[in-house]
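Here is what Swiss-Prot says about this protein:
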{"type": "ACT_SITE", "residues": "Y52", "note": "active site, proton donor"}
{"type": "BINDING", "residues": "H115", "note": "substrate binding site"}
{"type": "BINDING", "residues": "217-277", "note": "NADP(+) binding site"}
Amino acid sequence: MASKTYTLNTGAKIPAVGFGTFANEGAKGETYAAVTKALDVGYRHLDCAWFYHNEDEVGDAVRDFLARRPDVKREDLFICTKVWNHLHEPEDVKWSAKNSCENLKVDYIDLFLVHWPIAAEKNSDRSVKLGPDGKYVINQALTENPEPTWRAMEELVESGLVKAIGVSNWTIPGLKKLLQIAKIKPAVNQIEIHPFLPNEELVAFCFENGILPEAYSPLGSQNQVPSTGERVRDNPTLKAVAERSGYSLAQILLAWGLKRGYVVLPKSSTPSRIESNFNIPELSDEDFEAIQQVAKGRHTRFVNMKDTFGYNVWPEEE
């Protein structure tokens with residue numbers, strides 16, 4: 001399963017299992033060590049972002065790995081990164097892509113995403129502009145009309161700096177608006193997906209429109225469901241599926257995502273987990289159906305940065 005790929009609407013192949021590089025602790029060297037381990041294990045898809053502030057460590061790990069593994073070429077790797085909210089002005093989109101290339105020490109990016117469907121203002125030093133309340137100052141015009149941002153994304157493809165473009169955290173209404181103006185359709189929509197947030201309607205919409213879903217937080221979250229105190233990892237049905245299969249709960253949840261047909265992006269800084277998360281079994285129909293029953297009717301989102309942004313992408317969930 002680890003070598004499984006999907007085909008993007010560009011015709012490019014994308015590895016179905018990617019390694020998430022968001023560093024929880026952010027300690028210097030943590031990302032370098034984790035990415036090095038991931039590449040050694042066999043991951044060939046790295047999911048990065050300008051906002052993670054560790055692209056330089058990812059780039060160092062990639063450079064050093066390729067130097068000691070002449071059998072692996074840059075084109076064997078699939079590197080994704082993302083533009084942050086305050087860099088949605090066309091000239092900033094292009095700056096962000098070039099800056100990420102420099103930090104990642106690559107000549108091109110395989111997949112470049114608009115990280116959130118929210119445009120924010122920036123300071124003169126290209127830092128995020130904050131209001132008196134400490135929250136982002138929203139650029140309403142670019143948030144409501146993403147066309148200038150998307151045109152800049154398309155121009156990056158035309159220039160060759162970026163091979164494919166897509167979005168992250170976009171809703172069905174947002175995607176519908178984008179598809180109406182896009183000359184180059186988004187190749188992916190990276191969203192939170194796990195058994196407590198199966199996102200059936202959005203996943204189906206993406207597939208119907210030739211957009212490949214990618215699951216971040218595919219293992220759920222360390223957080224509890226606010227209303228019940230339940231954690232994904234403590235769900236008895238999910239634990240039972242893992243126990244009878246002989247695999248870890250993480251492996252089972254990743255297998256569920258692959259069987260649903262989308263990319264999964266596990267992240268870890270623990271070497272043993274980095275390895276086990278790459279060795280994903282084929283899920284039996286019985287086990288798949290058991291997880292589907294857990295997911296049925298659930299809609300618990302763990303990742304919502306509304307308190308940071310001062311803007312809620314999902315107001316209907318309030």
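Using the three backbone atoms N, Cα and C, a Cβ is placed for every residue, glycine included.
Neighbour count (other Cβ atoms within 10 Å of the Cβ, all protein chains): 25 for L265 (NADP(+) binding site). For the binding-site residues shown (V225, V241, L249), fewest C-beta neighbours within 10 angstroms: V225. In the shown protein chains, 18 other C-beta atoms lie within 10 A of the C-beta of R273 (NADP(+) binding site).
Cβ environment of R233 (NADP(+) binding site): L219, G220, K239, L249 lie under 8 Å away, each six or more residues apart in the same chain. Within 10 Å of the C-beta of S217 (NADP(+) binding site) we count 23 further C-beta atoms, all protein chains included. For the residue listed as 'active site, proton donor', the same-chain residues lying six or more positions away in sequence with a CB closer than 8 A to its CB are T21, F22, A23, T31. A simple way to gauge crowding: the CB of the residue listed as 'substrate binding site' has 21 other CB atoms within 10 angstroms, across all the protein chains here. Taking the C-alpha positions, the distance from L265 (NADP(+) binding site) to the residue listed as 'substrate binding site' comes to 15 Å.
The number of other Cβ atoms within 10 Å of the Cβ belonging to G257 (NADP(+) binding site), over all protein chains shown, comes to 27. Reported as a whole number, the C-alpha separation between G257 (NADP(+) binding site) and the residue listed as 'substrate binding site' equals 21 Å.
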